[in-house]
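Summarising the annotation, TrEMBL assigns Mg(2+) binding site to Glu5, Asp25, Ile27, Asp28.
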Amino acid sequence: SFIGEESVAAGEGSILTDNPTWIIDPIDGTTNFVHRFPFVAVSIGFVVNKKIEFGIVYSCIEDKMYTARKGKGAFCNGQKLQVSGQEDITKSLLVTELGSNRDPETVKIILANMERLLSIPIHG
């Protein structure tokens with residue numbers, strides 16, 4: 001099976017089943033792309049029994065290929081990635097994205113979540 005982000009965004013329905021399924025977003029970061037903001041990627045995932053088996057993200061502008069496989073780790077251009085090990089939240093950087101849904105109820109939830117996040121004593 002195939003699920004394409006662009007077709008779902010266009011209103012086509014999609015149901016994730018237990019069948020082996022490719023999930024593809026050919027322009028992950030469409031809003032960035034439209035505004036020429038250079039964080040755009042091609043994202044591909046493969047799911048079996050509704051569980052991700054592996055994923056590939058190609059950051060086109062940076063020419064970086066991120067890959068990950070369940071139980072095998074994650075890599076960037078073949079180099080193993082790992083978390084920083086930072087345990088002190090005051091030295092952490094919080095990155096978030098607000099999404100594109102401007103429904104008043106959704107915006108209210110997003111802003112409430114942002115307020116909770118901004119009350120954490122993060123570094124930035």
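Backbone N, Cα and C atoms are what each Cβ position is placed from, and that goes for glycine too.
Using a 10 Å Cβ-Cβ cutoff, Ile27 (Mg(2+) binding site) registers 16 neighbours. Fewest other C-beta atoms within 10 Å: among the binding-site residues Glu5, Asp25, that description fits Glu5.
Counting every protein chain shown, the Cβ of Asp28 (Mg(2+) binding site) has 19 other Cβ atoms within 10 Å.
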